[in-house]
Amino acid sequence: MAKQKFERTKPHVNVGTIGHVDHGKTTLTAAITKVLALQGAAQFVSYDQIDNAPEERARGITIAIRHVEYQTAKRHYAHVDCPGHADYIKNMITGAAQMDGAILVVSAPDGPMPQTREHVLLARQVQVPAMVVFLNKVDMMDDEELLELVELELRELLSNHGFPGDEIPIIRGSALAALSSTSTDINAPEYQCILDLMNAVDEYIPTPVREVDKPFLMPIEDVFGIKGRGTVVTGRIERGKVKMGDTVEIVGMSHEAPKKTVVTGVEMFQKTLDEGIAGDNVGVLLRGIERTEVERGQVLAAPGSIKPHAKFKANVYVLKKEEGGRHTPFFPGYRPQFYIRTTDVTGAISLPAGVEMVMPGDNIEMLVELIVPVAIEEGLRFAIREGGRTVGAGVVSAIVD
């Protein structure tokens, strides 16, 4: 059966839910699809379908990242539901990297919690441009003053992390009430908070300026072998565009020269696409490439547009203990993981002359040597991780090869 064609009629925006475990991110995601489905602007996706990470289903903790799609009158949205559990912050980094804007979900009775702070910090690090807040479970609070205090605390938290806390919209509501309602009337009072939220997302999160005219680049997130058709790589196009017949290179994660291949198809949401452009989440079918010849962490790029490098200088901020960072300094030769685009790569650190150690809270320029070359360029941002947590955030200042 021929696949449906994806029609591009509205601006496309990537959003996602972030926040502390059990504050209602997945319930809200399901509720959005339910309410918009009443307008014919989405397909309802249930809580269980979103929370479909079987090994963790028992504890009700979301681990995998789930993509849903929906529309408003103004835009077409791809929405990722991000894991809230600290162990899966790594997934959070891959998810948040895909956001033009975030919906921060905070349970009103609990207020901001450690993971709320960590997610806001990460959103800042991976440069999520804008955020709206959904203050959930307000039906469990009958004290208006307490609600206002929680809002105040949230605005302060956002401001402290470089977001405009005073102007960010905070929508109050109950995701569960909207999700469990049996009403088919879009004007039912329990649905109003969802409509208000989508309105805030439409109005407050800017339509991103896509880097369509730059050379094509897509970080590879996943690789699939399709019998009889070849190998498909998936990811979000960072810049440029790609269509069937284009020659591309697979760059990085190897000491060998980049491999050239030809694109034999592009798909989005299981529909064929004439051309994938910056900002799209796509699958790209590659000619003559074995499933084993390509891996997560590599990039697909216009030939010659980006090269793999192992050594670079970087400006790095080392998180304080209070921000979830290290409690102790580190020294030259420290070998953490560098989280670059879609993968962790081990690297060794050299410090500038006269610097003997780096304290939590320091800003420092360092020289990094990765164990394997990766597609990098000046201005690229990355996280430094150790033992499953973020200990620093950096930006590449110069390539040294």
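Backbone N, Cα and C atoms are what each Cβ position is placed from, and that goes for glycine too.
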Among 19-26, 291-298, find the range that Swiss-Prot records as region 'G1'.
19-26
In Swiss-Prot, which of 5-8, 81-84, 205-208 is labelled region 'G3'?
81-84
Could you give the residue numbers and ranges of same-chain residues that sit at least 6 residues beyond the region 'G4' (136-139) on either side and whose C-beta is under 8 angstroms from one of its C-beta atoms?
23-24, 27-28, 105-109, 147, 172-177
Give me the Cα-Cα distance between GLY19 (GTP binding site) and THR26 (Mg(2+) binding site), rounded to a whole Å.
10
